[in-house]
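A.B. asks: The structure's right below; bear with me while I get my questions together.
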Amino acid sequence: VIGGQECARDSHPWQAAVYYYSDIKCGGVLVDPQWVLTAAHCINDSNQVKLGRHNLFEDEDTAQHFLVSQSVPHPDFNMSLLEPHNVLPNEDYSHDLMLLRLNQPAQITDSVQVMPLPTQEVQVGTTCRALGWGSIDPDPAHPVFPDELQCVGLEILPSKNCDDAHIANVTGTMLCAGDLAGGKDTCVGDSGGPLICDGVLQGLTSWGDSPCGVAHSPSLYTKVIEYREWIERTMADNP
């Protein structure tokens, strides 16, 4: 998170940390005691999930640690985009979401809570907050990762603001959010984490420019409400 600040410790009980072995790779959101929603591009063969975390380098008695028993990326996400390649015009990062089934249900506590799925669309002009343990330095070649979860206020912008800024496709299944003045953004390591608007989960951090936080180059977030039925059906079909 660029241009943000440490989140209040007890303000994010649904925030998940998605690990590859011992390295945090992405954020996520607890949407059911046994399911975490994250970005499809966070997929790997050994995801683990930590809940109830705030400072990743402190021993926190609120923490709960899980293995992932099943990873279900959205079937329409183009996995070939994950191979190293030069970005081409009109690449399409749509459907960038994935459900992770925990090896056992989370214990619901003050520090670990389920976030409901959205029931109505967010309006352009709404100020939302993005959360993550991603880089606080905008230069992707030299990321600087914070100990504590960071929060930043970002505005929901017209899709045209993103369309004008990026060569990859901007579609109706994405939210465009940021600060046109620059200096506030999500960044590498924030992927899959939540964009919360008026207390409602509306987006998952998906993709953006490099470096992060450039003026007139807002980032893209998977529009969760577009996938509500898929999320509910996937959880129901894999009890």
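Positions of Cβ are set from backbone N, Cα and C atoms, glycine also.
From Swiss-Prot, for reference:
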ACT_SITE  H41  active site, charge relay system
ACT_SITE  D96  active site, charge relay system
ACT_SITE  S191  active site, charge relay system
DISULFID  C7-C151  disulfide bond
DISULFID  C26-C42  disulfide bond
DISULFID  C128-C197  disulfide bond
DISULFID  C162-C176  disulfide bond
DISULFID  C187-C212  disulfide bond
DOMAIN    1-236  domain 'Peptidase S1'
CARBOHYD  N78  N-linked glycosylation site
CARBOHYD  N169  N-linked glycosylation site
A.B. asks: Taking DSSP three-state, what's C187 (disulfide bond) in: helix, strand or coil?
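C.D. replies: In the DSSP reduction, C187 (disulfide bond) maps to coil.
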A.B. asks: Rounded to an integer, what is the Cα-Cα distance in Å between C7 (disulfide bond) and S191 (active site, charge relay system)?
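C.D. replies: Rounded to the nearest whole number, the Cα-Cα distance is 17 Å.
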A.B. asks: Which residues, sitting 6 or more apart from N78 (N-linked glycosylation site) on the same chain, put a CB under 8 Å from its CB?
C.D. replies: D92, Y93, S94, H95
A.B. asks: Please compare the disulfide-bonded residues C26, C187, C197 by how many other CB atoms fall within 10 Å of each one's CB, and tell me which has the fewest.
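C.D. replies: C197, out of the disulfide-bonded residues C26, C187, C197, has the fewest neighbouring Cβ atoms within 10 Å.
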A.B. asks: Please state whether DSSP places C151 (disulfide bond) in a helix, a strand or coil.
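C.D. replies: Reduced to three states, the DSSP call for C151 (disulfide bond) is strand.
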A.B. asks: Counting every protein chain present, what is the number of Cβ atoms, excluding its own, within 10 Å of the Cβ of H41 (active site, charge relay system)?
C.D. replies: 21
A.B. asks: How many other Cβ atoms are found within 10 Å of the Cβ atom of C162 (disulfide bond), counting all protein chains shown?
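C.D. replies: Here the count is 24.
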A.B. asks: With a 10 Å radius around each C-beta, find which of these recorded positions (N169, S191) has the fewest other C-beta atoms nearby.
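C.D. replies: Each of the recorded positions N169, S191 was scored by Cβ atoms within 10 Å; lowest is N169.
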